[in-house]
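Per TrEMBL, the features are as follows:
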ACT_SITE  C94  active site, nucleophile
ACT_SITE  H168  active site, proton donor
DOMAIN    5-228  domain 'UCH catalytic'
SITE      Q88  site 'Transition state stabilizer'
SITE      D183  site 'Important for enzyme activity'
Amino acid sequence: MSALQWLPLESNPDVMNNFLKNMGVKSEWTFVDVLGFDSEMLALIPRPAIALLLLFPCTFEMDAKSKGDQSSATQTGAGGKQPYFIVQTIRNACGTMALIHAIANNTDRIQFEANSSLKQFLLKTADLSPQERGKTLEMSSDIGEVHEHCAQEGQTQAPELNESIDYHFIAFVESDGRLYELDGRKAGPVCHGSTTRDTFLEDAAVVCKRFMDNCPNNINFTAVALVKQDS
């Protein structure tokens with residue numbers, strides 16, 4: 001982790017959608033709240049859904065689970081391509097890391113504006129290692145400025161820059177028929193088995209439930225899904 005530190009993003013669809021807009025992502029896709037992971041709640045989510053972001057508390061139980069997942073952090077499907085992955089080197093940048101992971105692994109469906117800073121970043125880092133991508137993000141003033149602006153926009157007051165934050169964002173995406181957890185603190189993507197574009201949201205919800213099962217008395221979990229807006 002570098003000495004560079006950002007303000008944390010709020011788990012708020014409006015904040016995240018504004019981030020995408022300012023990064024030059026066309027408005028065809030939008031983030032919406034996921035109110036629960038049972039079938040009734042998932043049925044309320046518009047389809048297609050192409051990414052799921054989970055915010056969870058950094059507790060002893062969750063840290064233990066994270067360490068246990070490290071052994072599978074480089075697993076991918078047999079013969080499958082590696083999803084785009086970036087190592088987090090900036091403190092409190094996990095929200096933007098999750099947003100980048102969500103967009104970067106869906107560029108076959110997401111459209112960008114001609115002057116998109118995020119598109120340029122993804123093109124620039126396409127052939128770099130995850131560690132090199134993290135270092136490149138440190139030097140991206142465009143993304144850093146948008147992050148700072150959006151971090152000030154939430155419904156709750158932004159914390160002090162040096163304040164300890166006890167929550168962490170990760171992203172789930174489908175890539176080459178596999179469900180991946182993308183957590184910038186880990187060595188690489190974590191594969192959670194097979195999925196399809198049609199079953200992605202339900203399959204990701206199963207994994208999210210496992211996260212919640214590790215802290216059954218903690219209600220501080222939130223999630224948002226990236227979905228296609230009605231035309």
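For all residues, glycine too, the Cβ spot is worked out from N, Cα and C.
Note that this is a predicted model, so its numbers are computed, not measured.
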Inset, instruction - Report the member of Q88, H168, D183 (the recorded positions) whose C-beta atom has the most other C-beta atoms within 10 angstroms. - result: D183
Inset, instruction - Would you mind giving the whole-number mean pLDDT across the domain 'UCH catalytic' (5-228)? - result: 89
Legend entry - Collapsed DSSP category at C94 (active site, nucleophile): helix
